[in-house]
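K.L.:
First the structure, which I've put down as structure tokens, then a few questions once you've had a look.
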Amino acid sequence: MNNKRHSTNEQLSLDEINNTIKFDHRSSNKQKFLSFLGPGLLVAVGYMDPGNWITSMQGGAQYGYTLLFVILISSLSAMLLQSMTVRLGIATGMDLAQMTRHYLSRPIAIIFWIIAELAIIATDIAEVIGSAIALNLLFNIPLIVGALITVLDVFLLLFIMKYGFRKIEAIVGTLIFTVLFIFIFEVYISSPQLNAVLNGFIPHSEIITNNGILYIALGIIGATIMPHNLYLHSSIVQSRTYSRHNNEEKAQAIKFATIDSNIQLSIAFVVNCLLLVLGASLFFNSNADDLGGFYDLYHALKTEPVLGATMGAIMSTLFAVALLASGQNSTITGTLAGQIVMEGFLRLHIPNWLRRLITRSLAVIPVIVCLIIFKGNAAKIEQLLVFSQVFLSIALPFCLIPLQLATSNKDLMGPFYNKTWVNIISWTLIIILSILNVYLIVQTFQELQS
């Protein structure tokens, strides 16, 4: 990576929201914190999207509470990586897509753009599938119609954006807490053993020695750290009105944006733990192998003998509501991330509605095509979700490495560059994640072929 300076005529990242939300560095710490409360919510969505659900619940159903430790480590790793994107966005005034295009050679930057665009599409595919399945479960809407309905999210997003980015943050926050409270209720009803849950946060050697547990563990790790979140976060932290030329204000902005990020990622951590605990408390040592997808989970909750007919119906319906809320949340953030990647790499100057419609269509079209080819076969569509998660594993190093190189560059970051301990941990994480993701990809294709 060269040390070319950030061009002063660089287009602002997400210019319609950039520098629009008031942040007064002279106000109290409480006011500063409240000013920066919000971007982390949009990032947290990616850590509890529909792609994570099956992995977490399967992990609990098949191996009890053992994998809670893996969720903890994954969440702590995510906090570190997201804090690096916060520093990149605030210190440089660039998002990760702009930085990658600006500081890598053109041929390499183009390759990175293609991979980033495909990663956004893969992320969106999971959300479209999750939302379509939720609509089918709740209202018996055909999957193909449900997938088409998700296109309307684009226009809903455009409508809400007219009233300010704070409205987006509020809606996303409401949907997140809807999911959180649904799963708190469901876990409470399922009555897990507290001692067993707490024991799950202690590392167990079988996570490494048992191939089945290791495979699920890798799935949890791979589904937790999402490429689109790194692009998204580096952009939306710039929505606050801190001085772009005052390092003291930048330092305060980084501090409170990081606090916001860590709080919201802690909520995502709790949701993922609740999913695993729910799977363990209801299905461990029973019909765990039958929980292959959203439909399986829905019907398993509905017919679970421990719950009874009435509570089973309530639990399964709430599960579908939470799936819809999660899918809608993720489509909002995925669309924004797609806009950031398209603008950042290509400098496209097209109307917002068209840019977002293109981003959404690129995700919906593959789902529609597969629905037509497989004649609405739900199992095949859920398999498409698996493929989308595998591609995210492939794409992850292509955004982690530029992020690491940029944030460790003192000429680029100024006083906000990575400290030595951060570099050691982040490089270790990148290497481990890359190795684990290669293993996960191989294992997934072997599973699909068997």
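The backbone N, Cα and C atoms fix where each Cβ goes, glycine too.
The annotation transmembrane segment is assigned in Swiss-Prot to 34-54, 61-81, 108-128, 141-161, 170-190, 212-232, 263-283, 305-325, 361-381, 383-403, 422-442.
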K.L.:
With contact taken as 3 or more Cβ pairs under 8 angstroms (pairs 6 or more apart in sequence), are the transmembrane segment (170-190) and the transmembrane segment (422-442) in contact?
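P.N.:
Answer no: the transmembrane segment (170-190) and the transmembrane segment (422-442) share fewer than 3 Cβ pairs below 8 Å.
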K.L.:
Quick check: do the transmembrane segment (383-403) and the transmembrane segment (263-283) share at least 3 Cβ pairs under 8 Å, counting only pairs 6+ apart in sequence?
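P.N.:
No, the stretches stay apart by this measure.
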K.L.:
Looking only at residues six or more beyond either end of the transmembrane segment (422-442), which have a C-beta under 8 A from one in the stretch?
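P.N.:
Sequence-remote neighbours of the transmembrane segment (422-442) are 77, 80-81, 84, 215, 218-219, 221-222, 225, 390, 393-394, 396-397, 400-401, 404, 407-408.
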K.L.:
Mind checking which residues reach the transmembrane segment (263-283)? Cβ under 8 Å, same chain, six or more beyond either end.
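P.N.:
Sequence-distant neighbours of the transmembrane segment (263-283): 40-41, 43-45, 47-48, 52-53, 56-61, 63-65, 67-68, 71-72, 75, 78-79, 82, 176, 179-180, 183-184, 186-187, 190-193, 196-197, 200, 220, 224, 291, 300-301, 304, 306-307.
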K.L.:
At an 8 Å Cβ cut-off, counting only pairs 6 or more apart in sequence, do the transmembrane segment (361-381) and the transmembrane segment (141-161) clear the bar of 3 or more pairs?
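P.N.:
They are in contact.
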K.L.:
Kindly say whether the transmembrane segment (61-81) and the transmembrane segment (305-325) touch, using the definition of 3 or more Cβ pairs under 8 Å where each pair is 6 or more positions apart.
P.N.:
no
K.L.:
Can you tell me which parts of the same chain pack against the transmembrane segment (212-232), counting only residues 6+ beyond its ends and a CB-CB cutoff under 8 A?
P.N.:
42-43, 46-47, 49, 51-52, 55-56, 58-59, 62-63, 66-67, 70-71, 73-75, 77-78, 81-82, 85, 95-97, 116, 119-120, 123, 206, 272, 333-334, 336-338, 340-341, 344, 389, 392-393, 395-396, 398-400, 403, 433, 436-437, 439-440, 443
